[in-house]
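Listed in TrEMBL for this protein:
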type    : residues                                : note
BINDING : 33, 92, 93, 94, 134, 148, 149, 227, 228 : substrate binding site
BINDING : 105, 130, 131, 201, 227, 260            : Fe cation binding site
């Protein structure tokens, strides 16, 4: 992989995006995203039950209601650092790979991005804040409407969604002819940015960034918006809804996926020592108090 320009990465082999280099994995890559069912394993069962509630309850009506609630941006005002420090008290109930506070994962991902692309400081900050929308969990939102992989609502659910075969049973949109077809409420090649996504931290944080007029580039905002849309960028679903411009978005999301997924480990970074550098990026791209 080599850099050609500020926002262009030449990829010699696209398949490499799906295959982490050994230096990006502190455990065997095959052990990540293990969604196998084992009702005797408390972690696996916690993950499965979180997705069951998500897939049962995330409907078009539900998503529209959550957008109406959260996108008023009147929940709380805080700095990026204050929001990040709240993540010290959050363990993602949908994550089969890590049972540590989310702030640790934030710095793990950011440091990997910094190591590979030292000149792209916007990418370092993107990695640091990519999960910041999870603060919704502290303000009354159940984790099944905050964390986990996202998917499009208003059309047939993608085949590669985790627990797809059984966890959507009972979701009323599955029996609604307006929502259960290949295209549903969408037009062919409408673009992923025009999809109504299941409600979660991705869409919320993207909206927070735009509302607060971030100076981060659009590609950074799109990484945050779609980094959990695994059925699209990893599973190959929803291609019929892609627009030509989505190729660039998917490329960057897959690059970012290396830092988001394959850095999850028990190796804890020295957060206090790293704060001064990341505070300079916060001051550059997202300064002051933000409205959440």
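Every residue, even glycine, has its Cβ placed from backbone N, Cα and C.
Because TrEMBL annotations are produced automatically, they should be read as predictions rather than curated entries.
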(message) Fewest other C-beta atoms within 10 angstroms of its own C-beta: which of the binding-site residues 149, 260 fits that?
(response) 260
(request) Ten-angstrom check, please: count other Cβ atoms within 10 Å of the Cβ of residue 201 (Fe cation binding site), all chains counted. (result) 28
(request) Note down the number of other Cβ atoms within 10 Å of the Cβ of residue 131 (Fe cation binding site), including every protein chain shown. (result) 26
(message) For the C-alpha pair, I'd like the distance in angstrom between residue 105 (Fe cation binding site) and residue 228 (substrate binding site), rounded off.
(response) 15
(request) Calculate the distance in Å between the alpha carbons (Cα) of residue 260 (Fe cation binding site) and residue 228 (substrate binding site), and round it to a whole number. (result) 10
(request) May I ask which of the binding-site residues 134, 149, 228 is closest to residue 201 (Fe cation binding site) if we compare their C-alpha atoms? (result) 134
(request) Tally every other Cβ atom lying within 10 Å of the Cβ atom of residue 228 (substrate binding site). (result) 26
(message) Around the Fe cation site formed by 105, 130, 131, 201, 227, 260, which additional residues qualify by having Cβ within 8 Å of the site's Cβ center?
(response) 106, 109, 127, 134, 202, 224, 228
(message) Please give me the CB contact count at 10 A for residue 134 (substrate binding site), counting all chains in the structure.
(response) 24
